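Per Swiss-Prot, these features apply:
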SIGNAL    1-28  signal peptide
CARBOHYD  ASN37  N-linked glycosylation site
DISULFID  CYS103-CYS113  disulfide bond
CARBOHYD  ASN107  N-linked glycosylation site
ACT_SITE  CYS126  active site, nucleophile
SITE      ARG142  site 'Important for enzyme activity'
SITE      ASN287  site 'Important for enzyme activity'
CARBOHYD  ASN309  N-linked glycosylation site
CARBOHYD  ASN333  N-linked glycosylation site
Amino acid sequence: MRTADREARPGLPSLLLLLLAGAGLSAASPPAAPRFNVSLDSVPELRWLPVLRHYDLDLVRAAMAQVIGDRVPKWVHVLIGKVVLELERFLPQPFTGEIRGMCDFMNLSLADCLLVNLAYESSVFCTSIVAQDSRGHIYHGRNLDYPFGNVLRKLTVDVQFLKNGQIAFTGTTFIGYVGLWTGQSPHKFTVSGDERDKGWWWENAIAALFRRHIPVSWLIRATLSESENFEAAVGKLAKTPLIADVYYIVGGTSPREGVVITRNRDGPADIWPLDPLNGAWFRVETNYDHWKPAPKEDDRRTSAIKALNATGQANLSLEALFQILSVVPVYNNFTIYTTVMSAGSPDKYMTRIRNPSRK
């Protein structure tokens with residue numbers, strides 16, 4: 001998908017072309033996210049430093065301050081500042097080591113670096129699609145929507161995590177953030193996460209951290225690192241205790257290997273697999289339980305379904321999926337990036353920065 005762009009391509013069904021035209025999309029190709037290697041063979045405190053050296057640390061610090069100031073309640077900031085050293089003992093490695101290493105490098109407090117990593121967990125509005133084409137190939141795409149696009153678009157990166165010099169898994173993240181909302185284990189599975197807002201987020205999250213529950217994006221990364229196949233990944237993502245509710249979308253490499261997992265903090269609320277033999281060749285997840293109507297003021301779901309049906313199963317590809325994720329309002333003013341991926345073709349993992357000129 002390195003050549004994917006927002007220009008309509010020959011072969012796309014005419015209805016999808018009309019949807020794209022109605023969205024007023026530019027023909028300019030959105031820029032690809034920068035790609036870096038992070039060696040998991042390095043100690044956690046040092047492994048991100050080669051990446052940080054490519055960035056203006058004042059920009060990174062300003063972005064973190066903006067996110068904390070807007071997304072973290074003052075009582076949480078005060079509380080974490082008092083208990084951060086105790087809380088650190090409850091959090092899993094390598095994440096805490098990586099956070100500590102980056103905040104030392106940037107001369108920031110451990111409390112602030114931990115808070116910004118938690119803040120990114122709390123407000124991620126997204127659209128994820130997993131689908132199977134008529135030949136049995138599995139495709140997975142996602143839009144990540146978030147405020148602060150003026151700075152976060154400059155800090156979005158694709159990271160290849162290396163073990164013994166080989167790519168163990170790939171993910172998309174923001175500089176300073178150790179979790180992954182989007183990722184791929186080559187020739188095994190792909191994962192994306194969408195927020196499931198159930199209220200009282202900070203109160204529940206902090207209490208769960210002290211019970212050794214894991215942040216939702218950290219579990220995606222741990223699953224990419226540890227799970228050997230699609231089935232194992234689904235089991236880990238469905239059952240591991242979390243600090244917040246979430247939707248996990250998983251794609252595999254074989255026919256029917258696609259699922260949306262609706263999570264409560266303590267376990268699965270629903271498992272919604274592909275069922276292509278009965279016509280369900282795709283699943284669309286935004287930020288709402290799939291068995292309930294999407295709210296009229298945020299119905300990205302219906303637009304995505306219409307675009308998928310306009311494309312058709314026989315015409316599905318990573319490029320077509322990118323175009324589907326470019327239909328308004330699936331693609332909107334808050335969209336930071338679009339990633340398309342297929343675990344069976346891991347070299348085609350591609351993230352493109354959306355709205356690059358928007359302030």
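Glycine is treated like the rest: Cβ placed from N, Cα and C.
Calculated from their C-alpha atoms, the gap between ASN107 (N-linked glycosylation site) and ASN37 (N-linked glycosylation site) amounts to 23 Å. Taking Cα separation as the measure, ASN287 (site 'Important for enzyme activity') is nearest to ARG142 of the recorded positions ASN37, ARG142, ASN309, ASN333. Among the recorded positions ASN37, ASN107, ASN287, ASN309, the residue whose Cβ has the fewest other Cβ atoms within 10 Å is ASN107. When the CA atoms are compared, the recorded positions lying within 10 A of ARG142 (site 'Important for enzyme activity') are CYS126, out of the candidates ASN37, CYS103, CYS113, CYS126.
The C-beta environment of CYS103 (disulfide bond), restricted to residues of the same chain at least 6 apart in sequence and closer than 8 Å, consists of SER109, LEU110, ASP112, CYS113.
The shortest Cα-Cα distance between the residue listed as 'active site, nucleophile' and any of the glycosylation sites ASN37, ASN309, ASN333 is the one to ASN333.
Neighbour density for CYS126 (active site, nucleophile): within 10 A of its CB lie 23 other CB atoms from the protein chains shown.
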